[in-house]
Amino acid sequence: MVTPGNIGSFTVWDYVVFALMLLISAVIGIYYAFAGGGQKTSKDFLMGGRSMTAVPVALSLTASFMSAVTVLGTPAEVYRFGSMFSIFAFTYAIVVVISSEVFLPVFYRLGITSTYEYLELRFNKFVRLLGTILFIIQTVLYTGIVIYAPALALNQVTGFDLWGAVVATGVVCTFYCTMGGLKAVVWTDVFQVGIMVAGFSSVIIRAVVVQGGIGPILNDSYYGDRLNFWDFTPNPLQRHSFWTIVVGGTFTWTGIYGVNQSQVQRYIACKTRFQAKLSLYINLLGLWAILACAVLSGLAMYSIYKDCDPWTAQFVSAPDQLMPYLSLDILRDYPGLPGLFVSCAYSGTLSTVSSSINALAAVTVEDLIKPYFRSLSETKMSWISKGTSLIYGAICIAMAGLASLMGGLLQAALSIFGMVGGPLLGLFALGIIFPFVNSLGAVIGLLSGFAISLWVGIGSQIYPPTASSSLPKPLSLEGCNFTSFESNWTTTVMPMMTTLIPEVSSRPELADSWYSLSYLYFSTLGTIVAVVVGVIASLLSGGLKQNVNRDFLLTSQDFSYLNVLFSNCKKKGQEEKVEVLNWKMRSTDTDMDQGTDNPAFNHMEMSSTEKKEKMNGIIA
C-alpha cells in the first residue's frame, strides 16, 4: 500500500552512481577530442571521418531518439492508457525498411554531410534554405523538451533545483559534444544505451520481486484493462488505435529516421553502404528492446499502484513524474539503484541532446556558412563547427523553458516532429520519388503541408481532445491511506482534466473534429498535403519538361532485394546502366557515376561545369 511520504530519498551512493555516469560521458568526449590527432577538419568533427562501423552507429541511432521522453513518458503512457503503445514495434520495422531502402541509398551515393544539401542539388538554394530553417526550429524545440524531462525527474526524486538541473544537463552535454564531435557522440551513446537498459532492468526486476513474479503483474494488467493491444477502430480522432500507431506512427518516425539530420548524419558516416544499412537493421533490435523495457515498466507500475494512484492522490504533480517516484519507492532499500534509474533518464537525454547539437552544427556549417564563405580553411571550419555547437547548446537550454508549458512530454515531443517533420518528409519524397517535381512545386508543397499541420497542431494545444477521444483507463484510490486528510478517498476515479480542457461552451466546432485529430496523424497530414500539392503544382508549371540527374532519384538498383533477385537476369553490357523508377530514359542521358562506398567528395567543390549541370536537379 502506498502512503504519502513513504518513498525514499537519494543517498550518497546514488549521487556516486549519477556522478560516475556524467564523468564517463565527459571523459569519452575528451578522449575523442585528441585521439587520432583530434578533430582537424569539419568532416572529422561532423562526420567522424566517414569511418564508423555498424554496431556503434546502430546503438547511437537507438539512443538518439529513445531519450528521457521514452524513459519517463512511455511507462506513464502504458500506466494511463494501456499497452497499445507496444504496437510501435511493427511501426519501427516498417520505418527501418523504408529508411534503409528508399532514403539511405540516395543520401549515401551523394556523399553529403547535410541532408539539406540534397535539396539544393535536386531543386535550388531557396528550397535548401527553407528545409534548413524548419529543421533548426524543429530540433531546438524538441531538444528543449528532452532537456526539461530529466530535470523534472531529478527535481521529483532528489529535490534538486529544477532549472539548475536543466542548465547542468545542457552544459555537460554541450561539453563532450563540442570537444569530441560525432565520434564522441556515438561512443557516449553506446555507453548511455547500456545505462538505459540497466536502469529499466533494475526497476522491472525489483517490481517482479515485489509483486511475486511476472504472473501477478500480467494478471493485474489484464483485469485493469491494460493489455489492450488490439483496437482496429478507424476513427482518426481516437488518440491511439492500431491504425493511428501503424499508419500515423510510420509517417512520424520515417520523418525521423529517413530524412532527419540527427539520424541520417550517423548512418551515412559509416565506411560502406552495407555498414550503413546494417546499422539501421541492428538499431531495430535496440528499438524493440527499449520499447519492451518501457512497456513492462508501465505494466509493473500499474500492478503496484492499481489501488492507490500517486497522480490522482497528488503524490506527484504530473504523469511524467511517476517513473522516478516508482524507482524511489521500490528501490529505496538498495543504495545506488535509484541513482542508476535517474542516470538512465539522464543518459537518454544526453544522447538525444548531443545528437541534436551535432546535427544543428552540421546543417548550420554546411547549409548556412560554407556555401557563402568557401575561402575558409578546413581548420577554421572545424573551429566554427565547435563554436556553433556551443551556441546551440545555450539555445537549447533556453528553449527548455517552453517544455514546462507543453503538458505531457511524450505527446508534445511527437507532436513537434509531426507538425514539422511531416512536411519535410513530403519534400524529400517529392525530390526522390517524383522526377517531374520542380522547385516551384516543392516550395508550394512544403509550405502547404507545414501550414496545414501547424494549424491542426496548434489548435490541438489550445483545445486539447476530450477524454472520449484519448480514452484514459480508470485509476483507483481505494487502497490509499490518507490519515491526514478529512476526506475519505475510497472510490474509483478518473484523474480530473478540467483545468486543461476549456469549457465545452467555449470550444469551437473544430475543437471536437479537426483539432481532435490524433497527434500521430499530424505528420501523415503534413506529408500527404505536401506531396499532393507539390505534384499538382509541378504538373501545372511544366515539371514534365525537365530532365533530372538520375543520381538524385530512387532507382531499381537501390533496392537491395531487387539486385539479388535480378542479378542473373541482366543481359551482358547492362550492368552499368541505371533504371530510374517511373522515368523514361532520353537519348541525351549519359551513364552517371553511381557513387562508391565511403564517398569522399564534396559536391560543393565540384567543377563549375558539373555544378551548373547538377544545380536545381536539371541537366543542361
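Any Cβ shown, glycine's included, is placed from N, Cα and C.
Swiss-Prot assigns SER51 and ILE268 to topological domains bearing the same name, which places both on one side of the membrane. When you go through ASN219, ASN260 in Swiss-Prot, the residue listed as N-linked glycosylation site is ASN219.
Beyond its flanks by at least six residues, the transmembrane segment (240-260) meets 61, 65, 81, 84-85, 87-88, 90-92, 94-96, 98-99, 102-103, 115, 135, 230-234, 280, 359, 414, 417-418, 421-422, 424-425, 428, 471, 518, 520-524, 527 of its own chain at Cβ-Cβ distances under 8 Å. Per-residue pLDDT, averaged across the topological domain 'Cytoplasmic' (261-283), gives 89. The transmembrane segment (52-72) and the transmembrane segment (284-304) are in contact, since at least 3 Cβ pairs between them lie under 8 Å (pairs 6 or more apart in sequence). For the topological domain 'Cytoplasmic' (261-283), the number of residues in each DSSP class (helix H, G, I; strand E, B; coil) is 18 helix, 1 strand, 4 coil. Residues of the same chain lying 6 or more positions beyond the ends of the transmembrane segment (337-357) and with a Cβ under 8 Å from any Cβ of it are 8, 10-11, 13-18, 21-22, 25, 60, 63-72, 139, 142-143, 146-147, 149-150, 153-154, 157-158, 169-170, 172-174, 176-178, 184-185, 188-189, 191-193, 195-196, 198-200, 202-203, 206, 262-263, 266, 323-324, 327-328, 331, 389, 392-393, 396. Residues 102-103, 106, 115, 118-119, 122-123, 127, 131, 134-135, 137-138, 141-142, 145, 248, 251-252, 254-256, 258-260, 442, 445-447, 449-450, 453-454, 457, 519-531, 534-535, 538-539, 543-544, 546, 548, 552-554, 580-583, 617 of the same chain, all 6+ positions outside the transmembrane segment (416-436), place their C-beta atoms under 8 angstroms from a C-beta of that stretch. Recorded residues ASN219 (N-linked glycosylation site) and ASN481 (N-linked glycosylation site) have their alpha carbons 24 Å apart, per Cα-Cα distance.
Summarised by DSSP class, the composition of the topological domain 'Cytoplasmic' (108-128) is 15 helix, 0 strand, 6 coil. Taking the Cβ of ASN481 (N-linked glycosylation site) as centre and 10 Å as the limit, one finds 13 other Cβ atoms among all the protein chains shown.
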